[in-house]
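According to TrEMBL, the protein carries these features:
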type   : residues : note
REPEAT : 48-82    : repeat 'PPR'
REPEAT : 83-117   : repeat 'PPR'
REPEAT : 118-152  : repeat 'PPR'
REPEAT : 153-187  : repeat 'PPR'
REPEAT : 188-222  : repeat 'PPR'
REPEAT : 223-257  : repeat 'PPR'
REPEAT : 258-292  : repeat 'PPR'
REPEAT : 293-327  : repeat 'PPR'
REPEAT : 328-362  : repeat 'PPR'
REPEAT : 363-397  : repeat 'PPR'
């Protein structure tokens, strides 16, 4: 009864708040009974159909997609259609959880049911197509906007610029920025950050810096993300000095550095083998109330790998694990590569075991190199044990199937087989 009164008086937020509370405390099968109860009382109370819309929107906000879909279908069965705002909430929640394929399917169903989209809907649809790498489809939606009576917004242009940057089409992205300005829309921090990131990803720091300068000239305030992107770009290019200058600039302007800022600085230093300076920055983290994460440790490990100090790199790996951080395949690749360069195949085997425990394995080329190194140093039994362990864990990469009979051969044949790989 309360829901009907609230929706009839257009108190939709209050209705959604009550529905949320009811749904949180509800049990299995409750959603179906709730819809039936609302439907029954709807007829008695001469209520507004927006009560069903509120239910659909609440499910969308709660990310209860199955319930939202069921409600949408039942609404159609009884001749009720959701508002575009509720449909937008559903599409937005799906995109947030990377279910862009379902979001686009729902958009098509929404159009089939003659629920008219608005600019916000179309921006999300463009974003979904861009996430799927379907830039032509996103551009098609952008062009259709005007024929549907809508003017593209700053967000519309930003979405399309982001799609072009993702594909490395920086010239087209810059043309879109000019078109945006021609339409009397002002680029914002999202526009500039997207372009800067696109140029940095391409390794074109010169153009990234031009965009950064224009951003400041137009009084669009750079934020932490802006500086992080540039610092990381210079770090990747082996120019830690420029990264440090940017860090000083952001600090002077009162822009708060986060763990990503420090990680970018640390990586830049480590790429140049400046591990002492990197360690100094790590010590600063505690003062800034920041906690090292997996990327911090990965950067530090890379620094020791640059210096070919495989033992220190592996020590840092152990500290990383003790701190509860999870290494990725790139971290293991760096460690294995450094041990192999130092011809320390026992160390490489130790890293392999760590990978196997985490259900990871390097490619067949790396494994063949390790196995050959072990055999050449008289450790063929260790190679066989590692191979068996990998096979038992179903981690066998393509290209190593020829070793499946390795354990059934005499020892000297095993050694010869591995060395030939």
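Cβ coordinates are placed from backbone N, Cα and C, and glycine is handled just like the others.
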Same-chain residue ranges lying at least 6 outside the repeat 'PPR' (223-257) that approach it to Cβ under 8 Å:
189, 192-193, 196-197, 199-200, 203, 205, 208-209, 212, 215, 264-265, 267-269, 271-272, 274, 277, 288
What else in the chain is close to the repeat 'PPR' (188-222), if you only count residues 6 or more beyond its ends and a Cβ gap under 8 Å?
154-155, 157-158, 161-162, 164-166, 168, 170, 173-174, 177, 180, 229-230, 232-234, 236-237, 239, 250, 253, 255
Work out, from DSSP, the number of helix, strand and coil residues along the repeat 'PPR' (328-362).
26 helix, 0 strand, 9 coil
